[in-house]
Amino acid sequence: MDPLSWGRGWYAIQAISGHFIQYLKEARDKPPDELVWPLRLFLILLGYSTVAVPAALLICYVRRNRHAFETPYFSVRQLLRSFAVGNQEYQLIPAGEKESARKDTDPIPKTKAQCIHIAILLLFFFSGIQVTLVAMGVLQERIITRGYRRTDKPEVEEKFGETQFLIFCNRIVALVLSLLILAKDWTKQPPHVPPLYVHSYTSFSNTISSWCQYEALKYVSFPTQTICKASKVVVTMLMGRIVRGQRYSWFEYGCGCTIAFGASLFLLSSSSKHAGSAITYTSFSGMILMAGYLLFDAFTLNWQKALFDTKPKVSKYQMMFGVNFFSAIFCAVSLIEQGTLWSSLRFGAEHTDFSRDVFLLSLSGAIGQIFIYSTIERFGPIVFAVIMTIRQMLSIVLSTIMYGHELTFWAAIGFLIVFLAIFVDIHKKYSDKKRVPQRSW
């Protein structure tokens with residue numbers, strides 16, 4: 001190719017890239033609702049890449065020169081090594097210790113006393129999740145829908161609309177809470193074997209999952225939303241096979257599908273009166289976004305469980321600290337790039353009671369994370385997915401009782417199907433455990 005053709009090609013590339021950059025700048029300044037969702041997602045990923053790309057380069061550099069970062073005392077080099085390489089030397093523990101650790105965390109009861117203990121523990125975790133999520137819902141509605149009085153002009157009320165700032169505050173409070181717990185019980189914490197950056201996967205997948213869920217509401221009909229959310233158990237099982245290599249029997253898959261069917265029947269029957277006010281069609285974009293929500297959410301749960309299964313295991317407070325650390329960075333970068341961080345902080349300084357409500361919202365979310373991580377650590381991602389499905393069903397039942405509504409026949413049938421499937425699955429596992437010691441080898 002002659003120099004003239006090279007020059008023309010280079011000029012064309014510069015022109016295209018210039019128009020593309022100009023288009024991105026104009027898109028960044030537009031309100032989010034005026035952009036198509038692929039472009040909004042691209043802008044979010046582009047903002048995250050300003051953190052991810054330098055971090056990836058740093059990880060590659062430390063891994064290639066890992067011996068230069070080995071120091072016998074705590075320093076910046078040791079911290080960078082823990083971030084990029086981890087503490088692999090702690091993985092060499094005796095096989096018997098691994099077996100005993102596995103037995104200690106086995107969630108399947110072998111005796112009636114263990115069954116009662118696990119049931120009480122599960123009820124405690126479920127109650128904690130329920131209370132914290134209800135408190136978060138009330139406080140978030142209070143912050144978003146009601147106005148706050150200005151400190152200099154009490155007669156003037158203004159509303160706050162930056163939801164990402166609320167997420168950022170939640171991450172900061174959870175980060176501080178986990179840090180305080182780790183500092184208090186530092187000697188009791190196990191060594192963190194995996195590299196610290198692995199928690200960024202959980203943070204990223206959780207963020208994208210939430211974004212896909214909220215974005216899908218614009219394109220997905222109510223029945224499709226319901227069926228997809230109820231199918232979370234089955235998707236979590238399939239993702240567990242990919243991420244953790246966890247094998248499930250056909251009976252367990254059947255129970256998961258039965259739970260999804262019963263939950264869909266219950267939610268559709270008991271909430272059919274609200275379907276008319278929602279979107280009545282499901283577009284191709286909606287199906288892509290719902291698939292993204294289910295896949296990223298299932299990956300989050302199974303990746304957390306995979307980290308809990310490392311030997312020595314990662315504690316829930318270590319995971320809480322790592323996930324919220326990266327989530328806070330992602331949120332801060334996004335807020336700074338959008339120019340809403342300082343305006344949100346200024347809003348809190350200029351309005352009464354706003355900082356108090358945001359702190360209570362963030363504290364409820366931080367405490368809820370402790371219950372969520374405890375559930376995944378002790379019982380696994382499948383049980384947690386079932387808990388969230390049952391929580392949604394019980395909320396509708398409670399609303400029905402409080403406001404005097406009638407529960408339809410098919411809703412009652414779906415409710416019974418879900419709990420029957422759960423009971424049959426637990427009874428089979430309990431029976432199989434009781435038969436194991438009786439086998440002769």
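Any Cβ shown, glycine's included, is placed from N, Cα and C.
Straight from TrEMBL, the features:
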TRANSMEM  41-62  transmembrane segment
TRANSMEM  118-139  transmembrane segment
TRANSMEM  165-183  transmembrane segment
TRANSMEM  250-269  transmembrane segment
TRANSMEM  275-296  transmembrane segment
TRANSMEM  317-338  transmembrane segment
TRANSMEM  358-376  transmembrane segment
TRANSMEM  383-403  transmembrane segment
TRANSMEM  409-426  transmembrane segment
Contact ranking winner - 250-269, 317-338, 383-403, 409-426 against the transmembrane segment (41-62), Cβ under 8 Å:
317-338
Do we see three or more Cβ pairs under 8 Å linking the transmembrane segment (383-403) and the transmembrane segment (118-139), pairs being at least 6 apart in sequence?
yes
When you check the transmembrane segment (358-376) against the transmembrane segment (317-338), do you get at least 3 Cβ pairs under 8 Å, counting only pairs 6 or more apart in sequence?
yes
List, by number or range, the same-chain residues at least 6 past the transmembrane segment (317-338) whose CB is under 8 A from its CB atoms?
28, 44, 47-48, 50-51, 162, 164-165, 167-168, 171-172, 174-175, 177-179, 181-182, 185, 189-190, 192, 196, 198-200, 202-204, 206-207, 304, 307-308, 344, 369-370, 373
Residues from the same chain, set at least six apart from the ends of the transmembrane segment (409-426), whose C-beta lies under 8 A from its own:
251-252, 255, 258-259, 261-267, 269-270, 386, 389-390, 393, 397
Can you work out which residues elsewhere in the same chain, 6+ from the ends of the transmembrane segment (250-269), have a Cβ less than 8 Å from its Cβ atoms?
223, 226-227, 229-234, 237, 275, 382, 386, 389, 392-393, 396, 408-411, 413-418, 420-422, 424-425, 428
